[in-house]
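> Heads up, here are the entries from TrEMBL:
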BINDING   D23, S52  Mg(2+) binding site
BINDING   Y167, L168, E169, A170, G171, S172, G173, G198, G199, G220, T221  sn-glycerol 1-phosphate binding site
Amino acid sequence: MGKIKNQLYEKLKHEKLHFSLFDPENLTPEQASDLAKKVTEFGTDAIMVGGSTATNVDLVTKAIREATKLPIILFPNSANGLSKYADAVFFMSLLNSNKRDYLIGEQVKGAPIIFEHNIEPIPMGYIVINTGEPTAVEKIAQIQRLTKEEVVNYALSAEYFGMNFVYLEAGSGAMRSVPDDIISAVKQKINIPLIVGGGINGPVTAIKKLDAGADIIDTGTVIERSYGKAAEIIDAVKKYKIKK
Ligand SMILES: CC(C)=CCC/C(C)=C/CC/C(C)=C/CC/C(C)=C/COP(=O)(O)OP(=O)(O)O
Ligand SMILES: O=P(O)(O)OC[C@@H](O)CO
Ligand SMILES: [Mg+2]
């Protein structure tokens, strides 16, 4: 129990991390395999598998498993987003959702599947931040819009529940990523590692999020669109370790 979590916590003592999000809806198994080899070569720290729909999760996760030794962590949109080929799953609750399904419902449906396949659950508090036009996840999950102080209090609640990570999400493909002032306000109060994702489209933005206090940067869209940009962002996060 806790193998992947412990590996990540160990690494975080010395460096910032980069996670690559693969959306099975947008990738064939062959493409996922190629992309997994590329991001491994570029130095990403883990591959997350998930999207707003849950098609092809098994096929894509299996292809990634065969292409890389990196940890594969599921990022499920529901109990249907699970696969026995993954090492771990972010066992997340969308804390500012108004829908019971995203707070506890899908988790209860997923728990027996996670048990049966012996997938490592990594408890995570997932907080979706509105940064402009409502994103897919915002609409689906009917999220409550929060002030900066409220975001901090949600993050603290995640820590007090015993969750291992807090994830501040602007939404996939968001025009604007999570604002730096919200990241630093959260980071000042919590002790558990902070993941930031959504709308991070280049190395400059990635560095800003790290400067603000993010421990882990997650990118999806940019990685699917361009190997070059993926390499630049991952490289920026890696250089950041050296700079520290
Ligand atoms: C732990 C278990 C079994 C379930 C958790 C269920 C929860 C809380 C899900 C959170 C809400 C949700 C719908 C998350 C989806 C993850 C997400 C935002 C993926 C990114 O979406 P993309 O598919 O890249 O975006 P597009 O829709 O724009 O393609
Ligand atoms: O696709 P992007 O904008 O990188 O977002 C990744 C992730 O935060 C979505 O859940
Ligand atoms: Mg998608």
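Numbers here mean position along the shown chain, with the first residue as 1.
Note that Cβ sites are derived from N, Cα and C of the backbone, with glycine treated the same way.
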> When DSSP is mapped onto helix/strand/coil, what comes out for T221 (sn-glycerol 1-phosphate binding site)?
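It is helical.
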> What subset of the binding-site residues Y167, E169, G171, G173, G199, T221 lies within 10 angstroms of D23 (Mg(2+) binding site) at the C-alpha level?
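For D23 (Mg(2+) binding site), the binding-site residues whose Cα atoms are within 10 Å come to T221.
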> Can you list which of these binding-site residues (D23, G173, G199, T221) have a Cβ closer than 6 Å to ligand 2?
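Among the binding-site residues listed, those whose Cβ sits under 6 Å from ligand 2 are G173, G199, T221.
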> Counting Cβ neighbours within 10 Å across all chains shown, tell me which of the binding-site residues G171, G173 comes out on top.
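Of the binding-site residues G171, G173, the most buried by Cβ count within 10 Å is G171.
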> Between all pairs in Y167, L168, E169, A170, G171, S172, G173, G198, G199, G220, T221 (listed as sn-glycerol 1-phosphate binders), what's the biggest Cα distance, rounded to the nearest Å?
17
> So which of D23, S52, G173, listed as binding-site residues, have a Cβ under 6 Å from an atom of ligand 3?
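Correct list: D23, S52.
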